[in-house]
């Protein structure tokens with residue numbers, strides 16, 4: 001009996017090894033860069049971490065293919081390197097010798113990528129599935145471009161400034177014009193007075209007259 | 001040299017010393033005045049210190065031998081910059097007119113010099129304000145997080161990044177595509193880009209609101225626009241020095257290479273930089289000095305402003321290169337990190353076994369054991385010198401290199417806003433001088449009725465410049481701007497500057513000039529000024545002019561194109577033939593205006609000789625001042 005169990009175990013591991021190999025058609029390579037991501041707080045990669053990975057992946061497969069109950073044993077890992085990269089394949093729970101196809105695995109990983117990343121405190125860049133590019137986050141596109149808002153504010157302020165300055169200079173000019181007729185009247189009176197003066201006494205040299213001559217030359 | 005060309009009737013055209021004293025005492029005349037000395041100094045400093053100090057001088061310094069470049073720069077500053085500056089200040093303060101008025105007073109045949117200054121100020125103002133529009137565009141776009149030039153947009157079917165962006169960089173893409181939407185050729189004009197037109201509108205209206213009443217409004221504006229750049233530079237210096245790799249940049253900038261001093265191009269570039277940096281020959285400085293009181297010490301001002309300009313150039317070079325050093329170090333680290341990653345992934349080494357220090361060692365080892373894998377990896381050579389010398393002048397510095405450095409700093413929007421506000425203030429204060437150099441000559445020429453207020457002159461100038469400046473909002477606008485930058489603002493200025501020196505020293509007469517300065521500031525200019533004004537500065541100017549002209553004419557004219565085929569570097573392409581006509585117009589018309597106007601005046605005098613003798617006595621300045629004096633007394 002023991003030999004049977006032993007034989008079955010050997011067979012299953014052999015089968016598993018056959019199913020999982022590098023460059024398997026239905027498998028993916030995973031690469032983790034824990035030290036790059038976490039620096040001093042990096043954890044050591046050991047068998048427990050590997051178990052967590054297999055469990056997370058089984059969770060992802062369960063989410064993808066409803067009804068089928070994937071177990072940790074359905075995720076087979078091989079070709080581990082010190083880089084912390086390895087190859088994995090997923091077997092179907094109904095038939096352990098049959099692999100789940102590549103597209104389903106890719107879909108499953110894509111859907112639950114966030115959960116897988118956060119389980120390991122890593123990001124899309126530091127937990128790489130070679131062959132499954134991460135879906136790019138769409139850049140935020142607000143309805144009104146922010147620059148138009150700032151532009152509107154600046155133009156409003158500038159426009160108000162122009163109106164204020166132009167209005168104040170118009171007002172200033174009006175005030176000047178109102179003062180001018182008063183000055184001209186005073187001028188007229190002095191001229192009239194000087195004319196009268198010179199008619200009365202001829203001793204005083206009358207500058208206003210000599211200035212008048214200059215004006216007429218023009 | 002006691003050479004003096006005959007100049008009849010000079011005394012009738014200019015106010016005498018007695019008249020000036022009278023004007024000063026009675027405060028007669030309707031010429032505007034500065035509120036205080038600080039306004040005048042800040043305006044002049046603002047005019048001189050511009051974008052060139054930030055993005056031209058650092059590049060020249062680094063490419064011509066670093067610390068050694070200071071030697072030709074300082075020598076030419078003292079021999080060329082300060083004398084010319086003093087000359088412009090003194091003549092403006094003495095004759096109390098804008099550029100056209102000054103040269104017309106010295107001799108009516110010289111009106112062309114003023115007109116040339118007017119044309120150059122107009123052309124330069126046109127394209128300079130377009131750069132301001134670009135700066136404002138970037139400033140408007142800095143009020144968001146993340147900054148728009150930090151990420152590539154996705155392509156149409158959301159599978160990847162836009163190809164143009166992926167092949168170049170995010171900052172290149174934002175500059176060439178989203179800002180300029182540049183075409184591949186100067187002949188493909190494309191259409192007007194509406195966002196660029198809006199940016200131009202904002203730049204010109206902002207300039208208008210500051211210049212609307214001449215120095216009354218600009219005098220207030222310069223308190224901010226001239227001082228804020230220094231504050232921001234200091235902030236950036238402190239920030240820069242705390243970043244990794246900044247010292248590398250500063251070392252790169254100042255490492256002296258004494259061999260460069262043997263290269264004549266170094267001296268030529270230093271001379272040209274000193275000349276353009278001082279904004280000489282635009283006419284703006286003459287205008288600004290004419291608003292001073294008659295006994296203002298213009299000698300002191302000239303020396304002070306020259307020192308400030310020189311120090312600002314060196315200071316901003318330090319700041320710029322500290323940030324460039326940071327960026328270069330970041331790029332180097334990224335490049336090395338990429339290579340290390342590739343090696344680790346290919347050979348499955350655990351993390352952190354390959355670092356920057358043992359990278360070369362391990363690479364050699366691996367190359368010996370498995371060269372074919374190494375070849376397949378496509379490792380890049382990471383060269384710090386290359387990153388440090390990338391695109392570090394002109395618009396490339398501000399809009400590509402510096403923006404890239406900013407997105408790598410924490411709190412990027414803050415640094416972006418600060419940087420672009422600083423550039424904006426630097427450019428705006430220079431534009432004040434340009435507008436002054438256009439509006440005041442227009443008023444002096446009496447092209448438009450005198451009763452029209454200054455606001456209208458200013459508004460018309462801004463409107464017409466904006467209308468012509470729309471050419472820079474086309475898709476090929478960047479190429480046109482480079483054209484204007486190279487030709488409108490270079491040779492004509494040198495010609496005008498040279499003519500100014502000759503006019504003042506040999507036509508106005510250096511003896512009379514010396515007496516004027518003695519009257520204004522109390523002592524005669526000493527031997528240094530005499531020698532530089534009469535001999536040294538004109539000779540240097542001729543040298544620079546001739547060499548500049550020769551280098552421009554001999555080299556084949558090409559421009560750099562952003563073409564899909566040669567990403568991410570710019571490809572030089574020869575200009576089409578119609579552009580040569582435009583180049584001639586840009587460089588030739590202002591320079592030829594000087595002899596053209598002299599000829600025009602000569603013809604005018606010849607044919608209208610009969611009306612000559614009855615030149616009204618009122619036309620002479622003394623008579624005008626007598627009239628004003630008497631009017632004041634009567635009133």
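Numbers here mean position along the shown chain, with the first residue as 1.
Any Cβ shown, glycine's included, is placed from N, Cα and C.
Annotated features, as they stand in TrEMBL:
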TRANSMEM  B:40-57  transmembrane segment
BINDING   B:46, B:53, B:277, B:309, B:426  Na(+) 1 binding site
BINDING   B:49  Na(+) 2 binding site
TRANSMEM  B:69-91  transmembrane segment
TRANSMEM  B:112-140  transmembrane segment
TRANSMEM  B:192-209  transmembrane segment
TRANSMEM  B:221-241  transmembrane segment
TRANSMEM  B:270-291  transmembrane segment
TRANSMEM  B:303-324  transmembrane segment
TRANSMEM  B:414-435  transmembrane segment
TRANSMEM  B:456-475  transmembrane segment
TRANSMEM  B:487-510  transmembrane segment
TRANSMEM  B:531-550  transmembrane segment
TRANSMEM  B:578-600  transmembrane segment
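Taking the features listed in TrEMBL, we show where each one sits on the structure.
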residue	record	CB count, 10 Å
B:46	Na(+) 1 binding site	28
B:49	Na(+) 2 binding site	27
B:53	Na(+) 1 binding site	26
B:277	Na(+) 1 binding site	23
B:309	Na(+) 1 binding site	25
B:426	Na(+) 1 binding site	28
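As a quick check, the transmembrane segment (B:40-57) and the transmembrane segment (B:487-510) miss the bar of 3 or more Cβ pairs under 8 A, pairs 6 or more apart, so the two do not touch.
In this chain, the transmembrane segment (B:270-291) touches the transmembrane segment (B:414-435); three or more CB pairs sit within less than 8 A of each other, excluding pairs fewer than 6 residues apart. DSSP gives residue B:49 (Na(+) 2 binding site) a coil state; it is part of no helix or strand. Cα spacing between residue B:426 (Na(+) 1 binding site) and the residue listed as 'Na(+) 2 binding site': 7 Å, rounded to the nearest whole number. Within the chain, the transmembrane segment (B:487-510) has long-range Cβ neighbours (under 8 A, six or more residues past its boundaries) at 3-5, 7, 10, 84, 87-88, 91, 103, 106-107, 110, 113, 116-117, 119-120, 123-124, 127, 272, 275-276, 280-282, 530, 533-534, 537-538, 541-542, 544-545, 548-549, 552, 583, 586-587, 590-591, 594.
Excluding B:46, B:53, B:277, B:309, B:426 themselves, the residues of that chain whose CB lies within 8 A of the CB mean position for the Na(+) 1 site are, in sequence, B:45, B:47, B:48, B:49, B:50, B:51, B:52, B:279, B:312, B:313, B:430.
Reported as a whole number, the C-alpha separation between residue B:309 (Na(+) 1 binding site) and the residue listed as 'Na(+) 2 binding site' equals 6 Å. The transmembrane segment (B:303-324) is in contact with the transmembrane segment (B:221-241), judged by 3+ CB-CB distances under 8 Å for residue pairs 6 or more apart in sequence.
Geometry remark: residue B:277 (Na(+) 1 binding site) versus residue B:49 (Na(+) 2 binding site), CA distance 7 Å. With Cβ pairs under 8 Å as the measure, the transmembrane segment (B:69-91) is packed most heavily against B:531-550, out of B:112-140, B:456-475, B:531-550.
Residues 1, 76, 79-80, 82-84, 87, 264, 268, 271-272, 275, 490-491, 494-495, 497-498, 501-502, 504-505, 510 of the same chain lie 6 or more positions beyond the ends of the transmembrane segment (B:531-550) yet place their CB under 8 Å from a CB of it. A Cβ distance under 8 Å defines the sequence-distant neighbours of the transmembrane segment (B:456-475), meaning residues of its chain 6+ beyond its ends; these are 122, 125-127, 129-130, 133, 180-183, 188-193, 196-197, 200-201, 204-205, 207-208, 211-212, 214, 435, 438-439, 442-443, 448, 481.
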